[in-house]
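Undergrad: This is the structure I have questions about; it appears just below.
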Amino acid sequence: MLQDPDSDQPLNSLDVKPLRKPRIPMETFRKVGIPIIIALLSLASIIIVVVLIKVILDKYYFLCGQPLHFIPRKQLCDGELDCPLGEDEEHCVKSFPEGPAVAVRLSKDRSTLQVLDSATGNWFSACFDNFTEALAETACRQMGYSSKPTFRAVEIGPDQDLDVVEITENSQELRMRNSSGPCLSGSLVSLHCLACGKSLKTPRVVGVEEASVDSWPWQVSIQYDKQHVCGGSILDPHWVLTAAHCFRKHTDVFNWKVRAGSDKLGSFPSLAVAKIIIIEFNPMYPKDNDIALMKLQFPLTFSGTVRPICLPFFDEELTPATPLWIIGWGFTKQNGGKMSDILLQASVQVIDSTRCNADDAYQGEVTEKMMCAGIPEGGVDTCQGDSGGPLMYQSDQWHVVGIVSWGYGCGGPSTPGVYTKVSAYLNWIYNVWKAEL
């Protein structure tokens, strides 16, 4: 066995000292480590400053393009072009006129289809003879629906008051067949443009109580800068129904979000809004037209906790004392109350409009495009934060018959809640939808 001639220690000696890792000299740390730490801290500080600047700019300023410059955010949607290309007025709440009458409608008599003869102004019931899926799709498109419809034959009833005619299509609209004879099938067309108004759970008829999203899967929270402002109702994958007065203070679309799928505020993801559309203001009736449609940037995926509610039928006239439901996260007391974190529900009833307009109530302020609901003795009502939410009626499905609009106080016996009557605005809703197809 060879041995290093310069070594004093034999190779087979057990007296071997372990090797030690060399220590990093303090001078090296001072020269390399400290500058690296300083650089990292400086970079972190710069990032924090940049983020803070961006947050401040996004909150208080809007960036115009060509040329790039900032304008105060309060100048957004003020009706004046402050950016050279007008970007500051693009993403704003827009008004939409009522428009022409939509020439198809659905009746509360089993959702039967009626068609307008534009030449005479008369309405006719659609006979089931030769009615096809293509005609059903045309009818629903005329009302602005994009989903696949369903239809069936229902027997002509003894109270049928409209003439029954065969239907054809011309220029993507339904028309009466010129040579239409008697309705040989003896059946009308029952049409459903969207599966709606079905929930997983039926509410109990009691006073005010905590609600479950399983009972009201169409209820949404409409929020500005992450703060709940109003309620709303899902009508289809793209559209949410609410009140126009929710957007009086903030008419820019950017910071509005919709939250769906939960009965707890803030516990569900937000959805971006593409458009907010209101009806044109009528100075003669300033409290009329309190209705708005929000178009979502991306369509909703329906589930057990996210579903649409049905629109009312055009002839849905509810008599006094008809039971209805209200829901919302609004204030639990008129004075000194606070917003509820949990969705609340309550049973109310239709209040006669004559009683609602009495001298000790609203003194004629409630118009034909509004309706009143509450309980005669008072104490159950919508309040601040419930605005825009649905007033609901259940037949075979749930229908949104009203939108929480206004009132004097919350829960007074002579001043019940006043609601936008949705059936009065069906034509406007259909025209908006058609324009956005």
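Note: Cβ is positioned from N, Cα and C throughout, glycine not excepted.
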Undergrad: If you pull up Swiss-Prot, which of C77, C83 shows a disulphide to C92?
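TA: Disulfide mapping in Swiss-Prot sends C92 to C77.
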Undergrad: From the candidates C64, C83, C127, C246, select the one that Swiss-Prot records as forming a disulfide bond with C183.
TA: C127
Undergrad: Among C356, C410, find the residue that Swiss-Prot gives as the disulfide bond partner of C372.
TA: C356
Undergrad: Choose one of C83, C140, C246: the cysteine that Swiss-Prot connects to C193 by a disulfide bond.
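TA: Swiss-Prot lists the disulfide between C193 and C140.
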Undergrad: Same-chain residues six or more away whose CB lies under 8 A from the CB of N130 (N-linked glycosylation site)?
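TA: Listed in sequence order, they are E166.
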Undergrad: Taking the recorded positions one at a time (N178, S387), which has its Cβ surrounded by the most other Cβ atoms within 10 Å?
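TA: That would be S387, with the highest Cβ count within 10 Å.
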Undergrad: In the same chain, which residue numbers or ranges, 6 or more beyond the ends of the domain 'LDL-receptor class A' (61-93), come under 8 angstroms Cβ to Cβ?
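TA: Same-chain contacts beyond the flanks: 247, 251-254, 276-278, 292.
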Undergrad: Tell me the Cα distance separating S387 (active site, charge relay system) from N178 (N-linked glycosylation site), rounded to the nearest angstrom.
TA: 48
